[in-house]
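Read through the structure below, which is laid out as structure tokens, and then see the notes.
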Amino acid sequence: MQKKYVVALDQGTTSSRAIVFDHDANIVSVSQREFTQLYPNPGWVEHDPMEIWASQSSVLVEVLARAGIHSDEVAAIGITNQRETTVIWEKATGKPIYNAIVWQCRRSSEICEQLKAQGLEEYVRENTGLLLDPYFSGTKIKWILDNVPNARAQAERGELLFGTIDTWLVWKLTEGKVHVTDPTNAARTMLFNIHSLTWDNKLLEALDIPLSLLPEVKPSCSVYGTTRIAGEGSEIQVAGMAGDQQAALFGQLCVEPGMAKNTYGTGCFLLMNTGTKAVRSNHGLLTTVAVGPKGEVNYALEGSVFMGGATIQWLRDELGLIRDASDTEYFASKVADTNGVYLVPAFVGLGAPYWDPNARGALFGLTRGANRNHIIRAALESIAYQSKDLLDAMTKDSGVSLKRLKVDGGAVANDFLMQFQADITDVEVLRPSVCETTALGAAFLAGLAVGFWESVIELEHKACIDKHFIPNIDAENRGRLYAGWQDAVARTRA
């Protein structure tokens, strides 16, 4: 039977999804299932790895059944995933020895402080491109080995395996035959040397993690093994894998140096491809691994904003200013400007490029004339201002002045926000027709790996832009508005 489709498994922080794409990169079918968030202690976040697998495997069955697609028609399955989340399981049984420790979990802060005391902060920064932070997988692994009974002894005997979620899914799909990750996920463990593209022995030693625990690192665009849907039907190749933000970068076809995308979700993630050069950031950004036009390793600068769409949720849930996120565009457009109002949404501190955990949210410039519309508009503008902060930091680090910014995520449906983003950055903003760019990136990698598509050039002909947003304010206005934002940020940090 002719291979007509590629399936992307998009395993996220709150839900597992499966999306079927046809040869023209159109979405044919989508299935999604949420799973349980576990908070056993303050600052701790866990998932049940078996529930993740159950949700992901069920949507895979469902998405094909819903569209009436037979496994014979599927060329490949690609994977994209929440990054950093850590699973350790028994090699012999496939049984997890503990819940998955989620990227948001802060329990390994003390381990990070111990590494800093050993003088490893600069080594981590130089060799992994990351900050020494509990966000990343390495200290989570150590916590499990130190705190789960018999775990360290089992690990020393080579009886345990570690994986981020991509690795766990491939292991389950291939029925325990394949233990593998890709460079984009390996680069988020804080154990991977991004220059030699190998596991870093010094960091493994510092954290007392046996090398036998770790998966083999294979290219993001390659075949890892085969699977059968629910154990039935024809074998399908499992091929193509990348962490969620790098998958979105590839899905937007940002495969050349200087190309960038911004994902507007709960927070914002801005990534710029820097080609074959790992650019060290002096402005609070991370250096990480991306995927090049032929599936090879490229590098990227990455910056994250904590409060993007979450700011709009705050307007709705805490202030009651709107009923639905989509209402913000209507109210923001009812006023010509914010009337001097700035909202700095530092509710959990400030992310890149400031990295100030002690900053707190504030509204500035309120007068008797300020109303709901001004505050809503200021909230939307804060998302664009924070993204400009990241973009300016990337320009300083890379020496590249961006001319076009590709965007994706839920908030890109807001035309007001996208136009203001173009205005305040003086950069053309491009919104794609298919905004499921994370899943699309996984599908592209899988399809290229098995020859379903021939090259990135072919994919470029399938990528359609829904709307171009052209900068529409002058330099003087732009400078005045941004100076007001910078002043507001400085005051939240005072």
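A Cβ is built for glycine as well, from the same backbone N, Cα and C atoms used for every other residue.
Annotation comment: Swiss-Prot describes Thr13, Arg83, Glu84, Tyr135, Asp244 as sn-glycerol 3-phosphate binding site. The ATP binding site annotation in Swiss-Prot covers Thr13, Thr14, Ser15, Thr266, Gly309, Gln313, Gly410, and the record cites sequence analysis as its basis. For Thr13, Arg17, Thr266, Gly309, Gly410, Asn414, the entry in Swiss-Prot reads ADP binding site. As annotated by Swiss-Prot, glycerol binding site applies to Arg83, Glu84, Tyr135, Asp244, Gln245.
For the sn-glycerol 3-phosphate site, whose annotated binding residues are Thr13, Arg83, Glu84, Tyr135, Asp244, the maximal Cα to Cα separation is 15 Å. The binding-site residues considered are Gly309, Gly410; of these, Gly410 has the fewest other C-beta atoms within 10 angstroms of its C-beta.
Around Asn414 (ADP binding site), taking its Cβ as the centre, 21 other Cβ atoms fall within 10 Å, counting all chains. The most densely surrounded of the binding-site residues Thr266, Gln313 is Thr266 (count of other Cβ atoms within 10 A of its Cβ). Each residue contributes its Cα atom, and for Tyr135 (sn-glycerol 3-phosphate binding site) and Ser15 (ATP binding site) those atoms are 20 Å apart. A straight line from the CA of Arg83 (sn-glycerol 3-phosphate binding site) to the CA of Arg17 (ADP binding site) spans 15 Å. All protein chains included, Arg83 (sn-glycerol 3-phosphate binding site) registers 25 other Cβ atoms within 10 Å of its own Cβ. Following the DSSP three-state reduction, the secondary structure of Arg17 (ADP binding site) is strand. Here the Cβ of Gln245 (glycerol binding site) has 24 other Cβ atoms within 10 Å, regardless of which shown protein chain they belong to. Taking the Cα atom of each, Asn414 (ADP binding site) and Gly309 (ATP binding site) are about 11 angstrom apart. Sequence-distant neighbours of Thr14 (ATP binding site) (same chain, six or more apart, CB under 8 Å from its CB) are Glu34, Phe35, Gln37, listed in sequence order.
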